[in-house]
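**Q** Here's a structure for you.
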């Protein structure tokens with residue numbers, strides 16, 4: 001309304017509106033009635049007052065109809081405009097339901113139960129033990145020997161297992177059914193035990209570390225991409241060789257650079273490699289003892305940011321280098337574990353401040369990188385028989401997991417969960433009647449993979465808290481086995497033969513088998529063995545076949561052929577009486593020998 005008034009006021013000058021009388025005189029003199037339609041004028045104060053009274057009357061009418069009395073507000077002085085407020089609590093203290101009625105079976109108690117469930121769920125989320133996915137498990141049969149290596153790609157789609165039987169098996173969770181069969185098996189390093197397997201951070205290649213001196217890189221399907229070069233074992237300084245000269249102990253990929261990986265060997269070196277250069281290593285790190293002598297690294301790893309390289313050695317030391325400075329160590333602890341024991345695993349926490357070490361002296365220790373002189377906490381009594389026993393952090397970085405070893409028929413291996421801060425045991429899972437060697441907790445799937453000493457790979461998961469992975473294959477039924485189709489007859493392919501001599505090509509063996517089934521001759525049921533006397537030309541006495549009958553008659557023949565002269569003369573009388581076969585031979589002999597000697601001619 002205000003905009004309309006302003007438009008009218010601007011469109012017509014005030015002089016035109018005020019001098020309405022002079023306009024009439026001018027129009028009468030010039031002979032026309034006017035200059036067009038006149039602008040309308042509005043009394044804004046009157047319009048606002050009318051609108052105010054109308055709103056007050058309507059509000060009073062609504063209040064009367066609803067039957068509510070508002071004693072606190074004065075309608076004459078401060079009228080209420082707009083919709084009514086929702087009613088408050090009644091005098092009895094009960095709340096009045098507002099909105100549509102609740103569905104059947106749902107009441108306030110159900111809503112309260114939901115609130116309680118949400119509170120319990122929040123409490124479970126705060127307790128890290130409740131998030132351990134151990135309610136369900138599947139078992140993958142790799143073989144009969146120790147599963148010494150496990151690798152899972154970053155997306156959690158494929159699992160690869162390695163064993164002491166020199167083989168590697170590939171498992172595809174999305175492609176497997178309930179039979180849980182691997183889709184590929186190979187031996188990339190011939191007769192060498194598999195030590196370590198790990199997918200790159202992009203998941204396109206796999207690092208294979210075996211008992212030989214040359215690490216290999218395979219693609220997702222198991223085909224070789226790269227093989228590291230072997231060094232010269234007759235050179236004293238290992239920094240001057242192009243590769244390792246002794247058995248490998250471990251290896252891993254760089255967490256940030258997808259082409260770089262790390263290996264350690266019994267030749268006393270830790271080497272970095274580039275995927276694009278297989279003829280020479282990239283850098284060499286040489287662990288040294290307190291006296292400056294060479295020591296053997298048994299495990300190695302990168303930090304989470306890839307800036308540090310850590311190695312555990314046989315003399316019980318843990319040595320850490322800056323990745324760009326390979327001469328001197330940045331951190332080292334000389335008595336981290338017992339001297340002479342193989343430190344089987346080193347791993348960094350997700351925040352990069354804590355290092356966990358699994359020792360061959362049956363201990364598990366945590367270290368603060370910022371104060372590397374002594375361990376934060378120590379857990380003892382964890383039996384370890386294998387040089388590659390794992391330890392790993394949970395995805396939320398609150399728990400630390402490792403496995404224990406057990407002798408055959410003397411107990412079972414366990415998966416032990418520790419609190420990261422105190423290293424106290426908070427949970428245990430009894431895996432199998434064998435040692436637990438490898439363990440892997442995937443952060444995306446929230447599933448735990450375990451390799452055991454009896455050739456099994458177990459996958460633990462929770463149907464609610466876990467995602468994909470093992471959940472994809474357990475819901476599938478076993479595929480129906482397809483019987484191998486065999487050709488009923490040999491088929492000779494002659495592409496250059498004339499059409500009249502060319503055989504019709506068999507398009508499908510299944511159709512041919514169906515035709516043969518209808519043929520009474522080809523689909524004749526084999527006759528069962530004959531029992532009792534023979535019939536129909538079949539011999540049944542002392543055997544159901546002809547060969548058995550012949551063998552029986554040969555065994556019953558008692559003729560003695562030890563004297564050949566007597567055996568021949570036994571048939572002399574028959575030959576003289578019936579010389580049908582002997583006469584032609586005798587005649588030929590007379591003719592032949594008669595030419596040589598006259599005595600034979602007179603015979």
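Here the Cβ of each residue, glycine as well, is placed from N, Cα and C on the backbone.
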**Q** Could you tell me which of the ranges 504-542, 543-581 is annotated in TrEMBL as region 'Disordered'?
**A** 504-542
**Q** Who are the long-range neighbours of the repeat 'WD' (336-371) in its own chain, taking Cβ under 8 Å and residues 6 or more past its ends?
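**A** The answer is 298-305, 308, 310-318, 320, 377-384, 386-393, 395, 397, 400, 402, 418, 420, 423.
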**Q** Cβ under 8 Å, sequence separation of at least 6 from the ends of the repeat 'WD' (290-322): give me the contacting residues as numbers and ranges.
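**A** Distant contacts of the repeat 'WD' (290-322): 249-257, 262-266, 268-270, 272, 328-352, 355, 357, 359, 361, 367, 369, 372, 387-388.
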**Q** In terms of Cβ proximity under 8 Å, which residues at least six beyond the ends of the repeat 'WD' (140-172) contact it?
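**A** Same-chain residues near the repeat 'WD' (140-172) but 6 or more away: 180, 182-199, 201-203, 206, 208-210, 220-222, 386, 388, 435, 437-440, 442, 444-445, 447, 449, 451-459, 467-469.
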